[in-house]
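Feature list (source: TrEMBL):
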DOMAIN    80-127  domain 'NADH-Ubiquinone oxidoreductase (complex I) chain 5 N-terminal'
DOMAIN    143-443  domain 'NADH:quinone oxidoreductase/Mrp antiporter transmembrane'
TRANSMEM  12-31  transmembrane segment
TRANSMEM  87-112  transmembrane segment
TRANSMEM  124-143  transmembrane segment
TRANSMEM  149-169  transmembrane segment
TRANSMEM  181-202  transmembrane segment
TRANSMEM  222-241  transmembrane segment
TRANSMEM  262-283  transmembrane segment
TRANSMEM  289-313  transmembrane segment
Amino acid sequence: MPVELSNKYACFIPLCPLVASRLTGSLSFFFPKATRSLRRLCATFNTFSLTTAMSVSFALFRQQAATHSIQQYLWARIPRSDFCLKIGFLIDPLTLTMSILVTTVGISVMVYSDSYMCHDQGYARFYAYPSLFTASMLGLVFSPNLIQIYVFWELVGMCSYLLIGFWFARSSAANACQKAFVTNRIGDFGLLLGVSGVYWITGSFEIFELCDRFFELNSNGVINPILANAIALLLFLGPVAKSAQFPLHVWLPDAMEGPTPISALIHAATMVAAGIFFTVRIFNLISTLPLTMLIISWVGGVTTLSGATLALAQKDLKRGLAYSTMSQLGYMVPALGIGASRPALFHPITHAYSKALLFLGSGSVIHSMEKVVGYSPTRSQNMFFMGGLRKCMPITGTTSLSGTLSLCGIPPLSCFWSKDQIIAESRLRSPYLGLITSVTAGLTAFYTSRIYLLTFEGNFCANQISYVGFNTSFPSKKIITSWGGTRPESVTTQTGNTFISTTDMKQGWVAEAENLVTLCPPEGNPVCGKVIQNHSERNLLHPQESNFCMVLPLIALAIPTAFAGLAGVDSTQKGTGLDLLFDWLISIPSFPEANKRFENLTEILTSSTPSLSLSLIGLLISLKAYGQTNKLANTKVFEKFKSINKNLLNTFVFSIRDWSINRGYIDYYYNTCFVGGINFISKLVFYFDQWVIDGFINGTGASSLLGGESLRHGKSGRISHYLLGLVIGIIPPASPVPIPPLP
């Protein structure tokens, strides 16, 4: 594509999914019957539109890499006296990188959703939402000014509200989308105040222009430092809510109520990435304020550690991955706070592909588990109902293993390179932040491998419950209406010598399943072993591998999960920006050059030894606790732990478990302080209004009524009496007779 055409064709990137979304939504609204018969055509059209946007993104990226230019295409102006708002597109490396990330993940989600959502009558409506979601995110990344960014920022929030509450007939989904909406309103209001403050100081909304003016005014001491830091922190409040940073992270775990493909889109490429992108975009502004940078770094540090600890004992598969996203986003924010903007932008890319792979893999597992345990998130997403799925779902298990090892920080997978850069920069800039990021690396390896082991290794536990005294029922089919309601079909399935009713599952079984770990522990349970021997496995229900439309995106995402990290590694360690993979390819004919690159690679791996060691320790502990082999049980590595006081160890383990299951008690404090406080103030206002304001009005009315009643009873209604009273009132009083003075 010629250079002069880049401005012309850039508008197609957000425009293609936007047009597809509007056409699909309009068709679904005005012609619902026709839409149901053409729903596959609607899905194909939305996928093709996003594919077109991806092609244009790659073409512009290749062109930009050759020219190293930053271009703006301003196609409209809104003048008003001295105010002029320019609307258009900003094309630079950051924009095109995010555009490729959004479009590639978006296409994977759309292809995957064709099979995942095929049972849903809201199929066409579903495809209209992700297209609008990706169009909003693409419009956000291409925006050249703060006003345009804020408009698309709100559109991203609106789309997340629609997608989280897609099945709004479920009360949990309705509450989750409202919680996400209200929480993000807090951050958006702060962002709006920050945008207003920046314009008041600089007189401009243009990104590059206002950053330069702000830097100049701040350097000359024109701006009050307190005001400057306050405005920067207000701007940062938007990313705190959007990217689920502490303390506005509470909406993220509840966002799992939406369809699993949407969880992958939110956590990988759109909503949570929007906050990181915006912070990177205004990095030149906030980098001039040391206090703001310090606060940003510690907000990210607290988020990193708290997200990792909250994920340690989660039973819900998607909720565990959600807290993992929170922790990984925390890595990016302190990197920005310490001034390492390049690793902070590098990690969202590597994390996006790994997390999208894990979420789509979890969707594949959930989709298969529903055929065994029924359509209920408390059962189909409970990891203690799973186990051994790698045997019956080999492709999903293998691809999920690559995503797991990538998040664990195991080389040469992608997340290792980006995470190691952040940890190394944190250790150089702040020892405390370096300690937090290093410890979190070990915790990340523990909980991510725990999720994999409980899901894919060991024995499948869901079928074994019915043989140890539990009454189970499995709805074999689910029909989801267009508004999110379910209509189960009842059949009867014979399992061994037991007939299992498939009408609905009793509530008691869900409660009993919480203790399933004691019934089917990882290290081989004699009870479970006897069950398998006494009942033929051919009569047991087992999950099966997903179909081609769901497996293909997993395979496609596994490729960047393995190699995307190499594209951002500076092999020379001198900031030249050459990527490691390209260096190796061009140095293959030259053995001395290849040897030099190998030495640089060895240097990189040597510098990452501390964080890699912690990751391996976390991985080994997870294998010991949840692994299925007995080899590690006899190793001497864990012999020293036997001498620890068991009571103290149990207290610590149960405390961590309670902390994780109760979400760090943060929701409890919010409900007590904010929700309870607002309810208390509302009651006070209600009583004040009822007894003071209404009491005064009602008292005035009552006094008028009583006065009228008293007058009514004092009147006889005879006209002669009224005339007599009138005459008496008219007669003037007699003049007083003067008294003569005494002689």
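A Cβ is built for glycine as well, from the same backbone N, Cα and C atoms used for every other residue.
Only pairs six or more apart in sequence are counted, and the transmembrane segment (124-143) with the transmembrane segment (12-31) gives three or more Cβ pairs under 8 Å, enough to call it a contact. Each of 12-31, 87-112, 149-169, 262-283, 289-313 was scored by its Cβ pairs under 8 Å to the transmembrane segment (222-241), and the highest score goes to 289-313. A contact between the transmembrane segment (181-202) and the transmembrane segment (262-283) is absent, since fewer than 3 of their C-beta pairs, 6 or more residues apart, lie under 8 Å. When the domain 'NADH-Ubiquinone oxidoreductase (complex I) chain 5 N-terminal' (80-127) is classified with DSSP, helix, strand and coil residues number 29 helix, 11 strand, 8 coil. With a threshold of 8 Å between CB atoms, the same-chain residues lying at least 6 positions outside the transmembrane segment (87-112) that come near it are 6-7, 10-11, 13, 17, 43, 46-47, 50-51, 53-54, 57-58, 60-61, 64-65, 70-78, 127, 130, 134, 137-138, 141-145, 148, 207, 261-262, 264-265, 268-270, 273, 277, 280-281, 345, 348-349, 352-353, 356, 360, 363, 549-550, 552-553, 556-557, 560. Sequence-distant contacts of the transmembrane segment (262-283) (same chain, six or more residues past either end, CB-CB distance under 8 Å): 94, 98, 101-102, 105-106, 108-109, 112, 129-130, 133-134, 136-137, 140-141, 149, 153, 156-157, 159-160, 163-164, 166, 207, 211, 235-236, 238-245, 252, 255-256, 296, 318, 321-322, 325, 329, 332-333, 336, 341, 344-345, 348, 351-353, 355-356, 359-360, 363.
Panel annotation: around the transmembrane segment (289-313), residues 218, 225, 228-229, 232-233, 236, 240, 244-246, 249, 279, 320, 323-339, 430, 432-433, 436-437, 439-440, 443-444, 446-447, 450, 656-657, 659-661, 663-664 of the same chain, lying at least six beyond its termini, place a Cβ under 8 Å from a Cβ of the stretch.
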